[in-house]
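Colleague: After the C-alpha coordinates below, expect a handful of questions from me.
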(Lines of atoms letter the chains of each structure in order from A and count residues from 1; the text may use other names and numbers.)
(Lines give C-alpha, C1' and ligand atoms only; values in the text may rest on other atoms or scores of the structure.)
Protein backbone atom coordinates (compact mmCIF):
# COMPACT_ATOMS: atom_id res chain seq x y z
CA UNK A 1 0.00 0.00 0.00
CA UNK A 2 1.24 3.47 -0.93
CA UNK A 3 0.42 6.45 1.30
CA UNK A 4 0.76 9.93 -0.15
CA UNK A 5 -0.33 13.55 0.09
CA UNK A 6 -1.18 15.57 -3.01
CA UNK A 7 -2.13 19.23 -3.58
CA UNK A 8 -5.26 18.23 -5.52
CA UNK A 9 -8.40 20.05 -4.36
CA UNK A 10 -10.98 17.75 -2.80
CA UNK A 11 -13.63 18.27 -5.53
CA UNK A 12 -11.02 17.52 -8.22
CA UNK A 13 -9.81 14.18 -6.87
CA UNK A 14 -10.78 11.12 -8.88
CA UNK A 15 -10.61 7.44 -7.95
CA UNK A 16 -12.53 4.51 -6.51
CA UNK A 17 -13.58 5.95 -3.14
CA UNK A 18 -13.49 9.45 -1.68
CA UNK A 19 -14.05 9.66 2.08
CA UNK A 20 -15.17 12.91 3.70
CA UNK A 21 -15.28 13.39 7.47
CA UNK A 22 -17.66 15.97 8.95
CA UNK A 23 -18.48 17.23 12.42
CA UNK A 24 -21.80 16.62 14.11
CA UNK A 25 -24.60 19.14 13.65
CA UNK A 26 -27.82 19.73 15.58
CA UNK A 27 -30.02 18.81 12.64
CA UNK A 28 -29.38 17.20 9.29
CA UNK A 29 -25.95 18.16 7.93
CA UNK A 30 -25.77 21.07 5.51
CA UNK A 31 -22.69 20.96 3.30
CA UNK A 32 -20.17 23.80 3.26
CA UNK A 33 -17.12 24.48 1.08
CA UNK A 34 -15.26 22.67 -0.35
CA UNK A 35 -17.97 20.01 -0.31
CA UNK A 36 -20.60 22.30 -1.85
CA UNK A 37 -18.47 22.45 -5.00
CA UNK A 38 -18.45 18.66 -5.14
CA UNK A 39 -22.21 18.61 -4.57
CA UNK A 40 -22.74 21.06 -7.42
CA UNK A 41 -20.86 18.73 -9.76
CA UNK A 42 -23.19 15.97 -8.60
CA UNK A 43 -26.23 18.15 -9.33
CA UNK A 44 -27.14 18.26 -5.65
CA UNK A 45 -27.19 14.47 -5.24
CA UNK A 46 -24.89 14.50 -2.20
CA UNK A 47 -27.01 16.91 -0.16
CA UNK A 48 -30.16 15.06 -1.25
CA UNK A 49 -28.82 11.74 0.04
CA UNK A 50 -27.72 13.38 3.30
CA UNK A 51 -31.23 14.77 3.78
CA UNK A 52 -32.86 11.42 3.02
CA UNK A 53 -30.63 9.60 5.49
CA UNK A 54 -30.89 12.39 8.08
CA UNK A 55 -27.11 12.19 8.41
CA UNK A 56 -25.88 14.40 11.28
CA UNK A 57 -22.19 13.52 11.49
CA UNK A 58 -22.44 11.66 14.79
CA UNK A 59 -19.35 9.74 15.83
CA UNK A 60 -19.42 6.18 14.52
CA UNK A 61 -21.95 6.89 11.76
CA UNK A 62 -21.29 6.79 8.03
CA UNK A 63 -23.08 7.03 4.70
CA UNK A 64 -21.78 5.22 1.61
CA UNK A 65 -23.09 6.06 -1.85
CA UNK A 66 -22.33 4.83 -5.35
CA UNK A 67 -22.11 7.63 -7.90
CA UNK A 68 -23.08 7.87 -11.56
CA UNK A 69 -21.11 5.63 -13.95
CA UNK A 70 -19.62 8.55 -15.90
CA UNK A 71 -18.48 10.47 -12.81
CA UNK A 72 -14.71 10.44 -11.99
CA UNK A 73 -15.55 9.13 -8.50
CA UNK A 74 -17.01 5.65 -8.17
CA UNK A 75 -18.13 5.89 -4.54
CA UNK A 76 -18.38 8.53 -1.84
CA UNK A 77 -18.21 7.89 1.91
CA UNK A 78 -19.35 10.36 4.56
CA UNK A 79 -18.06 9.65 8.06
CA UNK A 80 -19.16 11.39 11.25
CA UNK A 81 -16.49 12.90 13.50
CA UNK A 82 -18.82 13.66 16.39
CA UNK A 83 -18.70 16.89 18.37
CA UNK A 84 -16.13 19.45 17.31
CA UNK A 85 -15.08 20.05 20.93
CA UNK A 86 -14.10 16.36 21.26
CA UNK A 87 -11.87 16.45 18.18
CA UNK A 88 -8.25 15.35 18.71
CA UNK A 89 -5.56 13.15 17.18
CA UNK A 90 -7.20 9.97 18.44
CA UNK A 91 -10.47 10.92 16.73
CA UNK A 92 -8.52 11.22 13.48
CA UNK A 93 -6.87 7.81 13.97
CA UNK A 94 -10.14 6.06 14.66
CA UNK A 95 -11.97 7.79 11.81
CA UNK A 96 -9.14 6.92 9.41
CA UNK A 97 -9.40 3.30 10.54
CA UNK A 98 -13.13 3.23 9.79
CA UNK A 99 -12.51 4.65 6.32
CA UNK A 100 -9.66 2.25 5.56
CA UNK A 101 -11.71 -0.80 6.53
CA UNK A 102 -14.62 0.40 4.39
CA UNK A 103 -12.27 0.86 1.42
CA UNK A 104 -11.03 -2.70 1.83
CA UNK A 105 -14.52 -4.16 2.06
CA UNK A 106 -15.54 -2.19 -1.05
CA UNK A 107 -12.42 -3.38 -2.89
CA UNK A 108 -11.36 0.18 -3.61
CA UNK A 109 -7.91 0.27 -5.20
CA UNK A 110 -7.61 4.04 -4.79
CA UNK A 111 -8.79 5.85 -1.67
CA UNK A 112 -8.91 9.60 -1.15
CA UNK A 113 -9.32 10.91 2.40
CA UNK A 114 -10.48 14.44 3.23
CA UNK A 115 -10.29 14.85 6.99
CA UNK A 116 -10.11 18.21 8.80
CA UNK A 117 -7.26 19.09 11.12
CA UNK A 118 -8.74 22.22 12.72
CA UNK A 119 -6.22 23.58 15.27
CA UNK A 120 -3.97 20.53 15.01
CA UNK A 121 -0.66 20.80 13.21
CA UNK A 122 -1.02 19.42 9.69
CA UNK A 123 1.98 17.11 10.18
CA UNK A 124 0.52 15.68 13.39
CA UNK A 125 -2.82 15.16 11.66
CA UNK A 126 -1.20 13.43 8.69
CA UNK A 127 0.75 11.12 11.00
CA UNK A 128 -2.35 10.23 13.03
CA UNK A 129 -4.42 9.51 9.91
CA UNK A 130 -1.65 7.35 8.47
CA UNK A 131 -1.32 5.42 11.74
CA UNK A 132 -5.05 4.73 11.76
CA UNK A 133 -4.95 3.46 8.17
CA UNK A 134 -1.84 1.28 8.53
CA UNK A 135 -2.85 -0.31 11.82
CA UNK A 136 -6.45 -0.95 10.78
CA UNK A 137 -5.34 -2.63 7.55
CA UNK A 138 -2.71 -4.81 9.24
CA UNK A 139 -3.93 -8.39 8.98
CA UNK A 140 -1.92 -11.19 10.57
CA UNK A 141 -2.63 -14.20 8.33
CA UNK A 142 0.76 -15.92 8.73
CA UNK A 143 -0.77 -19.14 9.99
CA UNK A 144 -3.79 -19.26 7.65
CA UNK A 145 -3.71 -21.40 4.50
CA UNK A 146 -7.16 -20.58 3.09
CA UNK A 147 -6.80 -18.13 0.14
CA UNK A 148 -10.06 -16.53 1.28
CA UNK A 149 -8.16 -14.96 4.19
CA UNK A 150 -5.95 -13.05 1.75
CA UNK A 151 -8.32 -12.03 -1.01
CA UNK A 152 -8.95 -8.51 0.32
CA UNK A 153 -5.38 -7.78 1.41
CA UNK A 154 -4.41 -5.95 -1.83
CA UNK A 155 -7.04 -3.26 -1.16
CA UNK A 156 -6.51 -0.34 -1.12
CA UNK A 157 -3.38 0.03 -3.24
CA UNK A 158 -3.00 3.82 -2.94
CA UNK A 159 -4.27 6.04 -0.12
CA UNK A 160 -4.15 9.79 -0.75
CA UNK A 161 -4.51 12.36 2.03
CA UNK A 162 -6.14 15.56 0.78
CA UNK A 163 -5.99 19.07 2.20
CA UNK A 164 -2.90 18.61 4.39
CA UNK A 165 -0.14 19.91 2.12
CA UNK A 166 3.11 18.04 1.55
CA UNK A 167 3.65 15.63 4.45
CA UNK A 168 6.16 13.03 3.29
CA UNK A 169 8.13 13.18 6.56
CA UNK A 170 5.00 12.67 8.66
CA UNK A 171 3.91 9.69 6.58
CA UNK A 172 7.37 8.14 6.83
CA UNK A 173 7.36 8.60 10.59
CA UNK A 174 3.92 7.02 10.84
CA UNK A 175 5.08 4.00 8.85
CA UNK A 176 8.17 3.57 11.05
CA UNK A 177 6.12 3.77 14.24
CA UNK A 178 3.57 1.32 12.88
CA UNK A 179 6.40 -1.06 11.95
CA UNK A 180 7.18 -1.31 15.65
CA UNK A 181 3.54 -1.71 16.66
CA UNK A 182 3.09 -4.48 14.09
CA UNK A 183 6.22 -6.28 15.30
CA UNK A 184 4.78 -6.22 18.83
CA UNK A 185 1.39 -7.41 17.60
CA UNK A 186 2.83 -10.31 15.66
CA UNK A 187 5.08 -11.44 18.49
CA UNK A 188 2.05 -11.53 20.79
CA UNK A 189 -0.16 -13.23 18.20
CA UNK A 190 2.26 -16.05 17.44
CA UNK A 191 1.85 -19.23 19.50
CA UNK A 192 4.29 -20.32 22.16
CA UNK A 193 5.71 -23.03 19.92
CA UNK A 194 6.76 -20.27 17.50
CA UNK A 195 7.82 -17.48 19.87
CA UNK A 196 10.07 -18.87 22.59
CA UNK A 197 12.74 -17.20 24.73
CA UNK A 198 15.20 -18.14 22.00
CA UNK A 199 12.99 -16.44 19.39
CA UNK A 200 12.88 -13.21 21.42
CA UNK A 201 16.67 -13.24 21.73
CA UNK A 202 17.05 -13.83 18.00
CA UNK A 203 14.62 -11.01 17.27
CA UNK A 204 16.69 -8.66 19.43
CA UNK A 205 19.86 -9.69 17.61
CA UNK A 206 18.19 -9.12 14.23
CA UNK A 207 17.08 -5.65 15.30
CA UNK A 208 20.61 -4.86 16.43
CA UNK A 209 22.10 -5.99 13.13
CA UNK A 210 19.53 -4.13 11.04
CA UNK A 211 19.36 -0.81 12.88
CA UNK A 212 22.78 -0.39 14.43
CA UNK A 213 21.84 -1.27 18.01
CA UNK A 214 23.94 -3.40 20.33
CA UNK A 215 22.69 -6.71 21.68
CA UNK A 216 23.88 -8.69 24.68
CA UNK A 217 22.26 -12.03 25.51
CA UNK A 218 22.91 -13.53 28.94
CA UNK A 219 22.57 -17.30 29.20
CA UNK A 220 21.46 -19.25 32.27
CA UNK A 221 25.02 -19.49 33.60
CA UNK A 222 25.57 -15.73 33.16
CA UNK A 223 22.37 -14.98 35.06
CA UNK A 224 23.43 -17.36 37.81
CA UNK A 225 26.75 -15.55 38.15
CA UNK A 226 24.81 -12.30 38.63
CA UNK A 227 22.69 -13.86 41.36
CA UNK A 228 19.39 -13.75 39.45
CA UNK A 229 17.72 -16.34 41.64
CA UNK A 230 14.19 -14.99 41.16
CA UNK A 231 14.34 -15.12 37.35
CA UNK A 232 16.05 -18.50 37.27
CA UNK A 233 13.60 -19.92 39.80
CA UNK A 234 10.77 -19.30 37.35
CA UNK A 235 12.83 -20.64 34.43
CA UNK A 236 13.92 -23.89 36.07
CA UNK A 237 10.87 -25.96 35.08
CA UNK A 238 11.06 -25.32 31.34
CA UNK A 239 12.97 -27.47 28.87
CA UNK A 240 13.68 -24.29 26.89
CA UNK A 241 16.67 -22.19 27.97
CA UNK A 242 15.97 -18.77 29.48
CA UNK A 243 17.42 -15.73 27.76
CA UNK A 244 18.19 -12.42 29.45
CA UNK A 245 18.11 -9.84 26.66
CA UNK A 246 19.85 -6.46 26.78
CA UNK A 247 19.46 -4.35 23.65
CA UNK A 248 20.84 -0.79 23.54
CA UNK A 249 20.13 2.22 21.36
CA UNK A 250 22.71 5.00 21.62
CA UNK A 251 22.03 8.16 19.66
CA UNK A 252 24.70 9.87 17.60
CA UNK A 253 26.41 12.73 19.39
CA UNK A 254 26.12 13.67 23.06
CA UNK A 255 23.81 11.62 25.27
CA UNK A 256 21.81 13.68 27.77
CA UNK A 257 19.37 11.09 29.13
CA UNK A 258 19.69 7.36 29.79
CA UNK A 259 16.52 5.30 30.03
CA UNK A 260 15.76 1.63 30.67
CA UNK A 261 12.64 -0.11 29.39
CA UNK A 262 12.00 -3.46 31.06
CA UNK A 263 9.46 -5.83 29.49
CA UNK A 264 7.94 -8.93 31.02
CA UNK A 265 8.90 -11.82 28.74
CA UNK A 266 6.91 -14.92 29.70
CA UNK A 267 6.49 -16.62 26.33
CA UNK A 268 4.01 -18.99 27.92
CA UNK A 269 2.55 -18.97 31.42
CA UNK A 270 0.99 -22.23 32.54
CA UNK A 271 0.83 -20.93 36.10
CA UNK A 272 3.37 -23.48 37.25
CA UNK A 273 2.21 -25.86 40.00
CA UNK A 274 -0.54 -23.32 40.73
CA UNK A 275 -1.80 -24.37 37.31
CA UNK A 276 -4.13 -22.09 35.39
CA UNK A 277 -7.53 -23.51 34.49
CA UNK A 278 -9.48 -23.59 31.25
CA UNK A 279 -10.57 -20.11 30.33
CA UNK A 280 -7.36 -18.59 31.62
CA UNK A 281 -4.59 -20.63 30.05
CA UNK A 282 -5.48 -20.52 26.34
CA UNK A 283 -4.26 -16.97 25.69
CA UNK A 284 -1.14 -17.14 27.85
CA UNK A 285 1.06 -16.83 24.77
CA UNK A 286 0.38 -13.10 25.23
CA UNK A 287 2.16 -12.98 28.60
CA UNK A 288 5.19 -11.58 26.80
CA UNK A 289 3.24 -8.50 25.67
CA UNK A 290 5.60 -6.25 27.63
CA UNK A 291 8.64 -7.78 25.96
CA UNK A 292 6.96 -7.48 22.55
CA UNK A 293 6.31 -3.78 23.13
CA UNK A 294 9.91 -3.24 24.24
CA UNK A 295 11.22 -4.85 21.06
CA UNK A 296 8.71 -2.92 18.96
CA UNK A 297 9.91 0.32 20.54
CA UNK A 298 13.51 -0.65 19.85
CA UNK A 299 12.65 -1.16 16.18
CA UNK A 300 11.10 2.30 15.94
CA UNK A 301 14.00 4.05 17.67
CA UNK A 302 16.43 2.24 15.42
CA UNK A 303 14.69 3.87 12.46
CA UNK A 304 13.90 7.32 13.90
CA UNK A 305 17.31 7.66 15.60
CA UNK A 306 16.29 10.46 18.01
CA UNK A 307 19.26 12.47 19.31
CA UNK A 308 20.49 12.89 22.86
CA UNK A 309 19.22 9.66 24.43
CA UNK A 310 20.49 6.20 25.27
CA UNK A 311 17.83 3.54 25.75
CA UNK A 312 18.35 0.09 27.25
CA UNK A 313 15.74 -2.53 26.34
CA UNK A 314 15.74 -5.34 28.90
CA UNK A 315 13.81 -8.60 28.84
CA UNK A 316 14.07 -11.60 31.17
CA UNK A 317 12.61 -14.19 28.80
CA UNK A 318 11.42 -17.62 29.90
CA UNK A 319 8.42 -19.91 30.17
CA UNK A 320 6.57 -20.70 33.38
CA UNK A 321 5.98 -24.44 33.14
CA UNK A 322 5.32 -27.54 35.22
CA UNK A 323 7.81 -30.39 35.62
CA UNK A 324 9.70 -32.25 38.28
CA UNK A 325 12.00 -29.22 38.52
CA UNK A 326 9.21 -26.68 38.97
CA UNK A 327 9.01 -24.17 41.80
CA UNK A 328 6.94 -25.39 44.73
CA UNK A 329 4.62 -23.08 46.64
CA UNK A 330 6.64 -22.19 49.71
CA UNK A 331 10.04 -22.18 48.00
CA UNK A 332 12.34 -19.27 48.85
CA UNK A 333 14.28 -17.47 46.12
CA UNK A 334 17.05 -14.91 46.46
CA UNK A 335 16.98 -12.02 43.98
CA UNK A 336 20.08 -10.32 42.63
CA UNK A 337 19.84 -7.50 45.19
CA UNK A 338 20.00 -10.06 47.99
CA UNK A 339 16.35 -9.88 49.03
CA UNK A 340 14.58 -13.17 49.71
CA UNK A 341 11.12 -14.07 48.40
CA UNK A 342 8.75 -16.76 49.63
CA UNK A 343 6.84 -18.01 46.60
CA UNK A 344 3.31 -18.48 47.86
CA UNK A 345 1.89 -18.59 44.33
CA UNK A 346 3.81 -19.90 41.33
CA UNK A 347 1.33 -18.13 39.03
CA UNK A 348 2.63 -14.77 40.23
CA UNK A 349 5.86 -15.41 38.33
CA UNK A 350 6.12 -12.30 36.16
CA UNK A 351 7.07 -10.11 39.09
CA UNK A 352 9.85 -12.57 39.98
CA UNK A 353 11.43 -12.25 36.54
CA UNK A 354 10.98 -8.47 36.61
CA UNK A 355 12.64 -8.23 40.03
CA UNK A 356 16.04 -9.28 38.69
CA UNK A 357 15.53 -7.27 35.50
CA UNK A 358 14.86 -4.11 37.52
CA UNK A 359 17.96 -4.64 39.65
CA UNK A 360 20.01 -5.11 36.47
CA UNK A 361 18.51 -1.97 34.91
CA UNK A 362 19.28 0.22 37.91
CA UNK A 363 22.91 -0.91 37.94
CA UNK A 364 23.25 0.62 34.46
CA UNK A 365 23.04 4.07 36.03
CA UNK A 366 20.02 5.20 34.03
CA UNK A 367 17.98 8.33 34.71
CA UNK A 368 14.64 6.50 34.68
CA UNK A 369 13.24 2.97 34.47
CA UNK A 370 9.87 2.04 32.99
CA UNK A 371 8.69 -1.55 33.25
CA UNK A 372 5.70 -2.85 31.34
CA UNK A 373 4.00 -6.13 32.01
CA UNK A 374 0.83 -8.12 31.58
CA UNK A 375 1.05 -8.48 35.32
CA UNK A 376 -2.34 -8.83 37.01
CA UNK A 377 -5.93 -9.71 36.29
CA UNK A 378 -6.73 -7.36 39.16
CA UNK A 379 -5.76 -4.41 36.98
CA UNK A 380 -8.30 -5.50 34.36
CA UNK A 381 -10.95 -5.76 37.09
CA UNK A 382 -10.11 -2.22 38.21
CA UNK A 383 -9.65 -0.47 34.85
CA UNK A 384 -11.16 -2.72 32.19
CA UNK A 385 -9.69 -3.81 28.89
CA UNK A 386 -8.81 -0.41 27.43
CA UNK A 387 -6.84 1.30 30.20
CA UNK A 388 -3.46 0.37 31.67
CA UNK A 389 -2.49 1.01 35.26
CA UNK A 390 0.41 3.37 35.99
CA UNK A 391 2.38 3.41 39.23
CA UNK A 392 5.41 5.60 39.82
CA UNK A 393 7.71 6.84 42.54
CA UNK A 394 8.30 10.06 40.58
CA UNK A 395 5.59 12.60 39.72
CA UNK A 396 7.51 14.15 36.83
CA UNK A 397 8.01 10.77 35.16
CA UNK A 398 4.34 9.83 35.62
CA UNK A 399 3.19 13.15 34.14
CA UNK A 400 5.48 12.77 31.12
CA UNK A 401 4.12 9.30 30.40
CA UNK A 402 0.55 10.53 30.80
CA UNK A 403 1.18 13.39 28.38
CA UNK A 404 2.60 11.00 25.79
CA UNK A 405 -0.30 8.59 26.22
CA UNK A 406 -2.83 11.41 25.75
CA UNK A 407 -1.30 12.29 22.37
CA UNK A 408 -1.25 8.66 21.28
CA UNK A 409 -4.68 7.62 22.50
CA UNK A 410 -3.24 4.79 24.62
CA UNK A 411 -4.90 5.34 27.97
CA UNK A 412 -3.18 5.11 31.37
CA UNK A 413 -4.66 5.73 34.79
CA UNK A 414 -2.35 6.48 37.70
CA UNK A 415 -2.82 4.22 40.69
CA UNK A 416 -1.49 4.63 44.25
CA UNK A 417 1.62 3.08 45.75
CA UNK A 418 -0.04 2.57 49.13
CA UNK A 419 2.87 1.43 51.28
CA UNK A 420 0.59 0.19 54.05
CA UNK A 421 -0.59 -2.59 51.73
CA UNK A 422 2.90 -4.05 51.61
CA UNK A 423 2.53 -5.13 55.23
CA UNK A 424 0.34 -7.99 54.00
CA UNK A 425 3.18 -9.24 51.78
CA UNK A 426 5.69 -9.73 54.58
CA UNK A 427 6.74 -13.32 55.13
CA UNK A 428 7.42 -15.21 58.35
CA UNK A 429 10.39 -16.98 56.73
CA UNK A 430 11.71 -14.54 54.08
CA UNK A 431 11.85 -10.82 53.38
CA UNK A 432 8.55 -10.91 51.49
CA UNK A 433 5.99 -13.11 49.77
CA UNK A 434 5.37 -12.76 46.07
CA UNK A 435 1.64 -12.12 46.47
CA UNK A 436 -0.59 -10.42 48.99
CA UNK A 437 -4.26 -10.84 49.81
CA UNK A 438 -6.97 -10.88 47.13
CA UNK A 439 -7.84 -7.20 47.53
CA UNK A 440 -5.75 -4.51 45.79
CA UNK A 441 -3.85 -7.13 43.81
CA UNK A 442 -2.50 -4.76 41.17
CA UNK A 443 -1.27 -2.35 43.85
CA UNK A 444 0.52 -5.02 45.88
CA UNK A 445 2.14 -6.28 42.66
CA UNK A 446 3.50 -2.79 42.01
CA UNK A 447 4.69 -2.53 45.62
CA UNK A 448 6.52 -5.83 45.19
CA UNK A 449 8.37 -4.48 42.14
CA UNK A 450 9.25 -1.30 44.01
CA UNK A 451 11.39 -3.37 46.39
CA UNK A 452 13.87 -3.88 43.55
CA UNK A 453 14.39 -0.21 42.66
CA UNK A 454 16.42 1.71 45.22
CA UNK A 455 16.54 5.34 44.13
CA UNK A 456 16.00 5.69 40.37
CA UNK A 457 12.80 7.33 39.07
CA UNK A 458 10.64 4.37 38.09
CA UNK A 459 7.25 3.70 36.57
CA UNK A 460 5.35 0.44 36.31
CA UNK A 461 2.75 -0.09 33.58
CA UNK A 462 0.33 -2.97 34.05
CA UNK A 463 -0.84 -3.52 30.47
CA UNK A 464 -2.77 -6.77 31.03
CA UNK A 465 -5.99 -5.30 29.63
CA UNK A 466 -5.13 -3.25 26.53
CA UNK A 467 -2.36 -5.48 25.14
CA UNK A 468 -5.02 -7.83 23.73
CA UNK A 469 -8.52 -7.46 22.28
CA UNK A 470 -11.09 -10.07 21.34
CA UNK A 471 -12.85 -7.82 18.84
CA UNK A 472 -12.22 -5.10 16.30
CA UNK A 473 -11.88 -1.75 18.06
CA UNK A 474 -10.86 1.41 16.21
CA UNK A 475 -7.54 0.69 14.52
CA UNK A 476 -6.99 -2.47 16.59
CA UNK A 477 -7.87 -5.86 15.17
CA UNK A 478 -8.66 -8.97 17.24
CA UNK A 479 -5.60 -10.38 19.09
CA UNK A 480 -2.49 -8.34 19.95
CA UNK A 481 -2.73 -4.54 19.83
CA UNK A 482 0.93 -3.51 20.03
CA UNK A 483 0.14 -1.41 23.10
CA UNK A 484 1.92 0.84 24.24
CA UNK A 485 4.67 1.15 21.60
CA UNK A 486 3.41 4.49 20.28
CA UNK A 487 3.31 6.04 23.75
CA UNK A 488 6.82 4.87 24.61
CA UNK A 489 8.17 6.25 21.33
CA UNK A 490 6.39 9.58 21.90
CA UNK A 491 7.81 9.85 25.42
CA UNK A 492 11.35 8.88 24.45
CA UNK A 493 11.39 11.31 21.53
CA UNK A 494 10.18 14.08 23.84
CA UNK A 495 13.29 13.51 25.96
CA UNK A 496 15.52 14.05 22.95
CA UNK A 497 14.12 17.48 22.10
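Note that Cβ sites are derived from N, Cα and C of the backbone, with glycine treated the same way.
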Colleague: Write down the one residue from 269, 371, 385, 406 that Swiss-Prot lists together with 347, 349 as binding Mn(2+) 1.
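Modeller: Among 269, 371, 385, 406, only 269 appears alongside 347, 349 as Mn(2+) 1-binding in Swiss-Prot.
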Colleague: Which of these, 287, 331, 367, does Swiss-Prot list as part of the Mn(2+) 2 site with 264, 269, 349?
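Modeller: The candidate from 287, 331, 367 that Swiss-Prot ties to Mn(2+) 2 along with 264, 269, 349 is 287.
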Colleague: List, in sequence order, those recorded positions among 264, 269, 287, 347, 349, 351 whose Cα sits within 10 Å of the Cα of residue 276 (active site).
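Modeller: Of everything listed, what lies within 10 Å of residue 276 (active site) (Cα to Cα) is 269, 347.
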Colleague: Who sits close to residue 287 (Mn(2+) 2 binding site): which same-chain residues at least 6 apart have their Cβ under 8 Å from its Cβ?
Modeller: 264, 266, 267, 268, 269, 320, 350, 374
Colleague: In three-state terms from DSSP, label residue 264 (Mn(2+) 2 binding site) for me.
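Modeller: Looking at the DSSP assignment, residue 264 (Mn(2+) 2 binding site) belongs to a strand.
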Colleague: Minimum Cβ neighbour count within 10 Å among the recorded positions 264, 276, 351: which residue?
Modeller: 276
Colleague: What count of other C-beta atoms do you get within 10 angstroms of the C-beta of residue 347 (Mn(2+) 1 binding site), across all chains shown?
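Modeller: Looking across every protein chain shown, the total is 18.
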Colleague: Which residues, in sequence order, are found in the same chain with Cβ within 8 Å of the centroid defined by the Cβ atoms of 269, 347, 349 at the Mn(2+) 1 site, excluding those residues themselves?
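Modeller: Filtered neighbour residues, in order: 234, 266, 270, 271, 272, 274, 276, 287, 320, 346, 348, 350.
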